[in-house]
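As written in TrEMBL, here are the features:
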{"type": "COMPBIAS", "residues": "A:1-10", "note": "compositional bias 'Polar residues'"}
{"type": "DOMAIN", "residues": "A:86-298", "note": "domain 'ABC transmembrane type-1'"}
{"type": "REGION", "residues": "A:1-20", "note": "region 'Disordered'"}
{"type": "TRANSMEM", "residues": "A:25-50", "note": "transmembrane segment"}
{"type": "TRANSMEM", "residues": "A:90-110", "note": "transmembrane segment"}
{"type": "TRANSMEM", "residues": "A:122-142", "note": "transmembrane segment"}
{"type": "TRANSMEM", "residues": "A:174-199", "note": "transmembrane segment"}
{"type": "TRANSMEM", "residues": "A:220-242", "note": "transmembrane segment"}
{"type": "TRANSMEM", "residues": "A:277-299", "note": "transmembrane segment"}
């Protein structure tokens, strides 16, 4: 592999005009970058374009693809399943910002400065190493009709024992957001923890001497200083929630009926189960556009920091 | 957003500013109690998973789900999940994918980072954006072509096809982290080695990679976990038991064996989670470092 790396000539080789010493390496630079660029182009960007093209066709996975213009997009918004999926995806976005991110921040603040913080954080971090599918298996067991939760509520004479957690809608979407919170809150706590640890002690001490209380400290010192990090965490949470697939697929497969469908799931169903590739592609494009807009939130920041490092 | 604020506000209020706040103040005690209570609550699903994965089929029907009965049925249930649920085949494939693909990806990603930072690739930052932006694309946007083309190229339902796709999916993150990491290596090191007559290839393998072991390991661990836990690529690009990754096999098992044999499915869930949980516990620091490197 290493030999092919160097022999791959870069298009820009030798064209550098500055005449500085680095030109010596221009040829090799292209060679080192080529494998990553080639693979990403062939396996990610080209498919990306092909899916974009398919969204304007009536392709079924077999035979010819006929151009249908914007039909797939127009049909998308009159499709009842699609509307359900959009609404549920919106629940996922809102719920993911409120729960895993909110609880993550709360946990980070609670743990901050405590001796032995690793051990306090561990129970919350552990589920992150578990896959979405395994999370789905465990929570199906807990939430299924007459499952562990219902039995516990009945035993404790608490309300909610008559709820069908995975069947009633939109309850089923919200409990799955809960399962994802169980999985993801600890990581957000970890990220916020890194942010809190990087806050210089000076301003905090000064504010304390001025008699600032817990809430005032948070409002005027911690929160403003965490803002840049919060942007990244919220951005990642939005992007992650838009892509939600594994937990839902493992728990309800979007059902019963289509009640817990999300955009990511509906795309898969339309394509590989209903064989409506054109309409599946249109959903994929729609999902991608929202995701890219949301990712703009944190990508800009990550990339500008990367540039600053340069 | 407001919900975030409210949640944070609640937590901040639980740490009130008592005059004697230092170390063992009232606030500290309350914080600890809150953390322990919620920590235990967070572990409940893990308890339920283990307690019920360990029940024999007789016990599963007759004993309440909250009641522990020891670990008597655990090995038998796992065996059944391994054989009948065909998780054994999936585990082998997934083990191959999660070792080979991240290993290739960190080297390819590091090479790209090296080209941009050390060799000062022309328009390096633009190329970097091209590679990194690929992380944003939802998998849904590439599933159809991957399926269609892998059938045409006879890579569908083949391990080599899976390795290629997983590798490429993990390259952007590897390139991102390694480029940022290499930026922190003093340029004098590269120049001195160059003056001594070392080729860029030699400097890459003998100096840059050995200096970056910690970052390489962090990326590897994180991406190995990601691949281990994949469902969607497996669902789309595989069919046979010996190529299908383990999470896809587990989902299939859940829909076939749910209900009365739920304890076997739970044992399967526990079985496939153990490797990543153990890896996480063993490499907690590396794991955390990878997370941090990936965010900033």
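Cβ coordinates come from backbone N, Cα and C, glycine included.
Simply put, out of A:122-142, A:220-242, A:277-299, A:122-142 has the most Cβ pairs sitting under 8 Å from the transmembrane segment (A:174-199). Within its own chain, the transmembrane segment (A:220-242) is flanked in space by residues 89, 92-93, 95-97, 100-101, 104-105, 109, 180, 184, 188, 191-192, 194-196, 199, 203-204, 207, 212, 263-264, 287, 290-291, 294-295, 297-299, 301-302, which lie at least six positions past its ends and keep a Cβ under 8 Å from the stretch.
Taking Cβ pairs closer than 8 Å, the transmembrane segment (A:90-110) reaches residues 120-121, 124, 170, 173-174, 177-178, 180-181, 184-193, 195-196, 218, 222, 226, 230, 233-234, 237-238, 240-242, 244, 262 in its own chain, all 6 or more past its ends.
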